[in-house]
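Okay, so here's the structure we're looking at.
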Amino acid sequence: MRSAKDFFAPLAVGAPAPLREIPARPSRAIHFFDPGNEKMAAKVPDMVGTVDVLLGNLEDAVKAENKEISRAGLVKIGQSTDFGPTQFWTRINSLDSPWVLDDLTTLVPAIGDKLDVIMVPKVQGAEDIHYIDRILAQLEAKAGISKPLQVHAILETARGVANIEEICAASPRMQGLSLGPADLAADRRMKTTRVGGGHPGYLVRQDPERGEDGVPLYDGPRTTYQQDLWHYTIARMVDACAMHGIYPYYGPFGDIKDTVACEDQFRNAFLLGCVGAWSLHPVQIKIANKVFSPSVEDVKHARRVIAAMGDGTGAVMLDGKMEDDASVKQCKVMVALAEELAAIDPDLKTAYDAIVLD
Ligand SMILES: CC(=O)SCCNC(=O)CCNC(=O)[C@H](O)C(C)(C)COP(=O)(O)OP(=O)(O)OC[C@H]1O[C@@H](n2cnc3c(N)ncnc32)[C@H](O)[C@@H]1OP(=O)(O)O
Ligand SMILES: O=CC(=O)O
Ligand SMILES: [Mg+2]
């Protein structure tokens, strides 16, 4: 572990100084595209400004024989696109793969000044982040890059979950974590074959009714309630990220056609503290943008509480409910997010500006 005094020192002579704080940039949808797929790649320039993050994916979902084509496609897109307000990320291949070294040594010199964040899959522990941290510093120094690249780790191994705090704390480059439910399910030997989302078998059942003699009637009808397979991991990820000042994200939802369940999964993540989710198909961008933007009703309520609370101390009654120092802090989280999003999303700005406090 590095000492506190050299934590923010560059790891290579000539590399940019690490960031002291990770900027809170809107990232409601991290939209995945394969830069080697001509049809998808052709859509990228027109998607700028419609999505918070465009991510050129080089890892899983890119066939082994296409890895070089996708990498070259990403360089071309990076060099020829003006990303404006949209962040530009990539997901590199895993650290044990034959492609990752070429990913890094190609991408950083060619488009390192355009890339905001490098997503690293299958991170197991701090040692993986330390490896990336040093090599990025060397490549940034060689390429004369002035803005440090940030690093995002996918939480998709059991060891990664066990080491989550040390991963978050491993480098000042750490921007956030995403849940990777597909690889994590495989690594944990969970018995779901889905890419994220729920499972009808993971449920609790209503207690049986009792007869007049008090004996349970086990053969009567009983409602079942499907539970969230990912609750524990998402909550753990949110705490680790909040503790380290970085950002948690829900990952992929593979049932592209089930837009309703996708919205539910994203909303659960939003309510628990995530700032965004992955979009695998254009249809999921709209869902993420909606879910991860506070509703007009929530922003209105938050503003009313803040107004009613004056200096933010004490307790008041509003609509029959007690509000105090703690609830005003919750409301400030909501309003701060609304303000960040309004700054980049004109429709949201109009909707939030139209709020009139009763
Ligand atoms: C577990 C994990 O690691 S998840 C992360 C890795 N997976 C990914 O990145 C998957 C990314 N997405 C995809 O590959 C595709 O969306 C698929 C395979 C899921 C579905 O693809 P398709 O069957 O072609 O979808 P569909 O027919 O609805 O596509 C409609 C149009 O949107 C385009 N499109 C589909 N997905 C995307 C995308 N992610 N980005 C941009 N355009 C897209 C298609 O090229 C097609 O274009 P066209 O109208 O010009 O023909
Ligand atoms: O990479 C994502 C996953 O779910 O696996
Ligand atoms: Mg994965």
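Using N, Cα and C of the backbone, Cβ positions are placed for all residues, glycine too.
Per TrEMBL, these features apply:
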DOMAIN    32-194  domain 'HpcH/HpaI aldolase/citrate lyase'
BINDING   Arg91, Glu156  substrate binding site
BINDING   Glu156, Asp183  Mg(2+) binding site
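Sequence features annotated in TrEMBL and their locations in the structure.
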residue	record	CB count, 10 Å
Arg91	substrate binding site	25
Glu156	substrate binding site	27
Asp183	Mg(2+) binding site	19
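Here the Cα atom of Arg91 (substrate binding site) is found 15 Å from that of Asp183 (Mg(2+) binding site). Cα to Cα, Asp183 (Mg(2+) binding site) and Glu156 (substrate binding site) are separated by 5 Å. Filtering Arg91, Glu156, Asp183 by Cβ distance to ligand 3 (under 6 A) retains the following binding-site residues: Glu156, Asp183. With a CB cut-off of under 6 A applied against ligand 2, the binding-site residues Arg91, Glu156, Asp183 are reduced to Glu156, Asp183.
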